[in-house]
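S.K.: Quick paste of what Swiss-Prot says about this protein:
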type     : residues                                  : note
BINDING  : Lys9, Phe57, Arg85, Thr91, Arg102, Asn112 : ATP binding site
ACT_SITE : His115                                    : active site, pros-phosphohistidine intermediate
Amino acid sequence: MERTLTILKPDCVRKQLIGAVIDKIERAGFRVVAMKKTKLTAQTAGEFYAVHSQRPFYGELVEFMSSGPCVPMILEKENAVADFRTLIGATDPAEAAEGTIRNLFADSKGENIIHGSDSAENAQIEAGFFFSTEEAVRVNN
């Protein structure tokens with residue numbers, strides 16, 4: 001089983017879409033391994049998105065991600081990373097395929113509801129940013 005990390009971003013929480021998005025994720029065959037609601041500071045958001053620090057949108061991204069609560073989750077499924085990227089759709093909801101999470105729920109490229117890891121290696125690193133080893137342990141249920 002492969003794992004990936006997702007974050008339901010502050011716009012998702014603000015629009016009260018947590019349940020609808022999780023329902024779509026679970027119906028696509030993903031199992032939620034770990035989940036929490038948290039609020040990132042500008043510093044922690046900056047650390048998480050440090051890979052984008054030289055990009056023009058970095059400041060806005062950090063500000064947005066620290067603007068309210070978010071919900072990071074570790075998900076599990078065969079081919080989790082690629083399948084989840086397909087499920088969430090393109091970064092810009094206007095370009096996202098019909099029926100994808102961003103197509104259904106996102107308003108803009110900047111506030112696009114959800115983050116998904118782009119590789120298995122990054123998924124592991126990103127999961128470690130939010131969850132301890134104990135929190136991410138496999139639970140049979």
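Placement of Cβ uses the backbone N, Cα and C atoms for every residue, glycine included.
Worth saying up front: this structure is predicted, and the values here are computed from it rather than measured.
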S.K.: In sequence order, what residues of the same chain, 6+ apart, have a Cβ less than 8 Å from the Cβ of Arg85 (ATP binding site)?
M.R.: Gly116, Asp118
S.K.: Select the most exposed residue of Lys9, His115, where exposure means the fewest other Cβ atoms within 10 Å, treating these as the recorded positions.
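M.R.: His115, out of the recorded positions Lys9, His115, has the fewest neighbouring Cβ atoms within 10 Å.
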S.K.: According to DSSP, which of helix, strand or coil covers Asn112 (ATP binding site)?
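M.R.: In the DSSP reduction, Asn112 (ATP binding site) maps to coil.
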S.K.: If you count, for each of the binding-site residues Thr91, Asn112, the other Cβ atoms lying within 10 Å of its Cβ, which residue has the minimum?
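M.R.: Candidates: the binding-site residues Thr91, Asn112. Fewest Cβ atoms within 10 Å: Thr91.
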S.K.: Expressed to the nearest Å, what is the distance separating Thr91 (ATP binding site) and His115 (active site, pros-phosphohistidine intermediate) at their Cα atoms?
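M.R.: Between the Cα atoms of Thr91 (ATP binding site) and His115 (active site, pros-phosphohistidine intermediate), the distance comes to 9 Å.
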